[in-house]
Structures are given as structure tokens and as C-alpha cells.
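Here's the structure, in C-alpha cells; my notes come after.
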Amino acid sequence: MLPCSLFLPKHISTSLVFLRSARHGFALLPRWVPRLSSDYPPAAPIRLLAAAASSRRPADGAGAPSRVRQNFHPDSEAAINRQINLELYASYVYLSMAYYFSRDDVALHNFARYFLRLSREEAEHAEKLMRLQNQRGGLICLQDIKKPDQNDWKSGLNAMECALLLEKNVNQSLLELHTLASDKGDPHLCDFLETHYLNEQVKSIKELGDHVNNLVKMGAPESGLAEYLFDKHTLGNENNHN
């Protein structure tokens, strides 16, 4: 039979007590007493888990090397993260425009719907790039999103002109990303940009350019009636089709 001391927990000790017996007199029996040793209590479980995890984590905190990464240059990975930030910034600007035009003292609700649609499209563009980053084995590094340059968009014409400039900036960034991908010999990234972004950007620039031109012809921004009619008929029809 194994001695009971083998089954004692590390931090529990025993003491002896006297038990009086009518037949046998006094006897020594072990009594279980939770008398704790000097190294009790042990480290908290959460701290132990964190220490174990940190011992396995690389120094840069980036996680284990990707098993799916192939022909994906670090410069392309960084440029995609910058493009994600730009797409989110564009979405932020269009969201500001949308809720400016839905104010009670502006009340151009088709302008509001138009820019809200653009905001959602830009957010989808950012998410699509995030999915690409994961598919290629890159690391998504989100950055601070810059606030819009203005909160008062003044007129429909001013907002359309700002949107046109913004779309050109986004397009230029995409073109530079495409050039980088080509220089690094990454046909998949080139095809991805051509399929999902470049053609759509050209269409958006043309659409916004047409809107600016038509508003100017109608007498905006001096004529408030021009923006009202443009909101009601031109953008109203577009929103119905979309």
C-alpha cells in the first residue's frame, strides 16, 4: 500500500493529532490541515496563460508567418493598407455629405441618398481590399481616418466638385498601386484591380463630371431652383434606378 504522503497536494501539509482510545490509549493520527507553504498561491491562471502566449508570439507581434503567402511583395501589402485607409476616408466624406443634405435647412434628399450610396460603395471597396489582404497572406493594419476638410458643404455643386476631386485622387492611388503590382511581378493583384476597381472609377469620374456640368448649365449655385430641380429629377431618377 502506498503511503498517504504521496497523495498530498504540493501546497498542503499535515499535522498529527492525539486520539484517545479506551482500549489502546493514545494514538497518533494524521489530520489534514490546509497549512500553506511559502510559495502559495501560485501565479494567477490568466497571467500564466498570457505569459505562455507571449513566449510563443514573435517579437513584432505580427503572428506566425502566413502559409498562403506567395509572390506578395511587402511594398504591395503596405500600399493596400494605405488604399484601405483612403477608401474609408472617401466613405467618411460621402457620409458627411449625405447627412448635410438631409438637414432640415437644406432638404435636398436625393442628394443625400446619392452620397449615402457612394459612402457605402467606398466602404465595400475597403472591405474587398481587406479580404484580398487576407487571401494573399498579408497583414491588415488599419490607420486613423482623417476627418473631412469641411462640415458645411454649402451647395450641391460644391459637393459634386469635391466628390469629383476625391474620386480622381482615389483613382490615382489605385493606378499607382497597379503600377507597383506590375513592377513587382504580381499579375493577380493587377487583375484584381482591373476587374473590381479601375473601370468602376472611370465610370464614377464620368458620372460626377456630368453632374457638375449640368448643375453649372442650370445656373447653380446662384440659382436655388437649379439645385432643387436637379435633386428632384436627375438624382431622383438615378436613385430610383439604383
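Every residue gets a Cβ built from N, Cα and C, even glycine.
In sequence order, GLU122, ALA123, HIS125, ALA126, LEU129, VAL170 are the residues of the chain that are 6 or more apart from GLU87 (Fe cation 1 binding site) and have a CB within less than 8 Å of its CB. In the three-state DSSP classification, GLU87 (Fe cation 1 binding site) falls within a helix. As annotated by Swiss-Prot, Fe cation 1 binding site applies to GLU87, GLU122, HIS125, with the evidence given as similarity to another entry.
Cβ contacts within 10 Å of GLU167 (Fe cation 2 binding site), excluding its own Cβ and spanning all protein chains shown: 22. Per Swiss-Prot, the feature Fe cation 2 binding site maps to GLU122, GLU167, GLN201.
The domain 'Ferritin-like diiron' annotation in Swiss-Prot covers 70-219. In this model, the domain 'Ferritin-like diiron' (70-219) carries an average pLDDT of 98.
Here Swiss-Prot flags 1-49 as transit peptide.
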Query: With the Fe cation 1 site defined by GLU87, GLU122, HIS125, which remaining residues of that chain have Cβ atoms positioned within 8 Å of the Cβ centroid?
result: LEU86, LEU88, ALA90, SER91, GLU121, ALA123, GLU124, ALA126, LEU129, VAL170
- prompt: Sequence gap of 6 or more, C-beta under 8 Å: which same-chain residues meet both conditions with respect to GLN201 (Fe cation 2 binding site)?
  reply: GLU167, VAL170, ASN171, LEU174
- prompt: Around GLU122 (Fe cation 1 binding site), how many other C-beta atoms are within 10 angstroms of its C-beta?
  reply: 24
- line: Residue counts for the domain 'Ferritin-like diiron' (70-219) under DSSP, helix then strand then coil, are 114 helix, 0 strand, 36 coil
Field: Neighbours of GLU122, GLU167, GLN201 excl. site residues, C-beta within 8 Å of centre, Fe cation 2
entry: ALA90, LEU118, GLU121, HIS125, LEU166, VAL170, ASN171, GLU200, SER204, ILE205
